[in-house]
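Engineer: Straight out of TrEMBL:
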type     : residues  : note
TRANSMEM : B:28-55   : transmembrane segment
TRANSMEM : B:97-116  : transmembrane segment
TRANSMEM : B:123-141 : transmembrane segment
TRANSMEM : B:185-204 : transmembrane segment
TRANSMEM : B:211-230 : transmembrane segment
TRANSMEM : B:236-256 : transmembrane segment
TRANSMEM : B:263-283 : transmembrane segment
TRANSMEM : B:289-307 : transmembrane segment
């Protein structure tokens with residue numbers, strides 16, 4: 001475990017309010033740290049130590065978060081009531097303690113009083129290319145998986161639990177008796193919306209998420225972490241990560257949540273140069289980190305290093321209507337027309353006439369674009385702007 | 001924290017399939033090579049001169065216009081080179097130099113740049129250029145007259161011209177095989193049927209043109225010509241004659257599938273292609289022009305935006321998409 005951990009809190013730092021945690025506070029292992037009194041989101045301290053810094057963190061689209069730096073004191077002192085959750089295995093207790101387990105179990109979603117979830121898909125296959133984290137876990141620890149699935153069924157009362165695994169997996173027989181969904185190795189087939197459409201007979205509706213349709217996707221690592229947490233009666237913090245170097249060499253490491261990624265890279269002897277790219281998540285759907293101090297997150301399955309010379313450029317060419325995006329789009333979006341509207345900031349038209357809301361975020365349109373337009377970026381921006389617009393209209397309607 | 005490297009931060013996806021506009025255009029030029037090389041063998045150095053002048057003047061016009069209109073100069077993407085090359089391929093080898101230069105001016109500037117440059121042209125730029133030339137200086141497009149000084153060891157008549165003047169009896173002068181092998185009088189890049197087919201297949205296999213358009217265009221030609229021939233074999237030539245003469249194959253593989261003036265959805269591509277074939281034959285058989293290909297392409301370019309609105313419902317839009 002590194003001497004210094006960085007914990008990300010998904011809440012913006014507000015200078016007008018007094019924070020709960022302050023610089024110099026002592027945190028104990030397993031202690032939940034809230035930013036403000038009324039906060040609902042928390043991080044769990046993986047070890048005991050002192051908070052040495054609280055600072056704002058900016059993500060994609062100016063999304064604000066806060067990071068805490070935890071200086072380890074080496075005592076690993078457990079917090080009071082760290083194992084309370086294990087006494088009564090119910091959803092609320094689990095949500096109260098285990099939300100930040102490796103694999104990021106969607107406990108908040110399941111525990112929500114108005115939850116419409118009636119099916120759970122446990123995904124034993126990585127959704128993006130290159131990553132092997134989930135496939136690796138699916139092939140190990142079979143008993144723990146079964147145990148975890150039983151526990152989830154008991155906790156949630158949902159009996160429709162599916163297990164999505166690669167169809168070519170060697171230990172396929174071990175999953176006998178479970179509801180399995182066998183996936184081919186192609187990228188599109190592993191996307192949640194496509195699993196729903198192809199294997200569960202649920203037609204995704206444009207503008208609604210899988211959760212709205214009652215399907216909750218959960219990574220296999222989340223299941224395993226839950227099992228381990230209940231066995232050990234304490235939260236666990238070891239995350240399995242696939243690290244892919246510039247040469248394409250794949251390594252799998254286990255790291256404590258909060259570890260700055262430069263520690264992992266140094267350990268593996270991977271070096272970075274100026275202007276390289278650090279990709280977190282997969283090559284098609286991930287994001288790029290701007291610092292090597294980016295911490296390991298509960299849902300971070302992959303780190304990819306891309307050499308600065310291997311980075312494909314984007315251009316400011318207009319769409320030349322070659323039609324490759326339309327051919328490849330799994331959602332049937334008229335990308336060639338959509339991108340013209342997005343470039344002109346006409347987001348409402350993009351939703352109304354050109355199916356922006358049907359996009360399932362696979363990123364393939366940008367991957368094949370002959371004109372090298374950053375289409376996926378336009379699409380994400382368009383969706384983001386559209387959400388903001390809708391939220392604005394709602395507040396206006398409320399105020400009126 | 002010590003000083004650290006700056007990293008490239010950008011949006012997903014982080015990979016690309018490696019294609020680019022320049023790459024596409026280079027491949028189109030490679031695909032046109034067999035037809036052009038044959039044209040040069042057939043018509044001599046004059047043909048090479050026309051092609052070279054067309055390519056270079058098109059690139060110069062594009063650069064000049066982009067400079068004047070204060071756009072970034074995109075000469076390196078070979079876009080103008082392809083337009084110039086196609087314009088040159090549709091000209092006879094003996095055309096005067098100034099016709100070539102005027103042609104590429106119309107192609108590049110009026111055909112594309114005034115609409116906003118690459119990707120914004122509603123019509124195929126090269127077709128615009130040739131259409132304007134053939135209307136303005138039609139005499140240069142009388143291939144029989146233009147190539148009078150040449151001596152060929154085959155029937156030295158432009159097949160479509162012969163058909164127009166002499167009626168269907170003229171088709172007997174040309175066997176399908178000799179048409180395919182380029183034994184005909186015509187424009188530099190349009191006489192060698194086999195070469196155009198090889199180039200077209202290359203583009204289709206590499207995915208640089210949409211095969212649906214080419215296949216539908218051929219189907220349109222064959223069906224319409226066959227119907228005409230069945231109705232009156234005395235008056236109308238057969239489908240193979242039409243397929244291998246004039247600009248037909250050039251249109252099938254190079255002109256009709258030009259990306260920004262053609263549709264991208266399946267059903268529209270089929271309609272577009274078949275319409276192209278149908279219009280070509282209608283103009284040839286009923287209209288006043290010996291070769292209707294140019295106007296057929298302009299007409300299908302015109303309907304492209306309308307028919308391309310026929311598209312499949314997007315995922316999750318099956319119920320209430322208006």
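A Cβ is built for glycine as well, from the same backbone N, Cα and C atoms used for every other residue.
Give me the local environment of each listed feature.
Structural biologist: Panel annotation: around the transmembrane segment (B:97-116), residues 49-50, 53-54, 57-58, 61-62, 65-66, 69, 80, 83-84, 87-88, 91, 122-130, 132-133, 137, 140 of the same chain, lying at least six beyond its termini, place a Cβ under 8 Å from a Cβ of the stretch.
Beyond the transmembrane segment (B:123-141), the same-chain residues lying 6 or more positions past its ends with a Cβ under 8 Å from any Cβ of the stretch are 83, 86-87, 90-92, 94-96, 99, 102-108, 110-112, 255-256, 258, 261, 294-295, 297-298, 301-302.
Taking Cβ pairs closer than 8 Å, the transmembrane segment (B:263-283) reaches residues 210, 212-225, 228, 242, 248, 251, 256, 289, 292-293, 295-297, 299-300, 303-304, 307-312 in its own chain, all 6 or more past its ends.
Proximity of distant same-chain residues to the transmembrane segment (B:289-307), defined by a Cβ-Cβ separation under 8 Å and at least 6 residues beyond the stretch ends, is recorded for 122-124, 127-128, 130-131, 134, 158, 160-161, 163-164, 245-248, 250-251, 255-256, 261-263, 268, 271-272, 275-277, 279-283.
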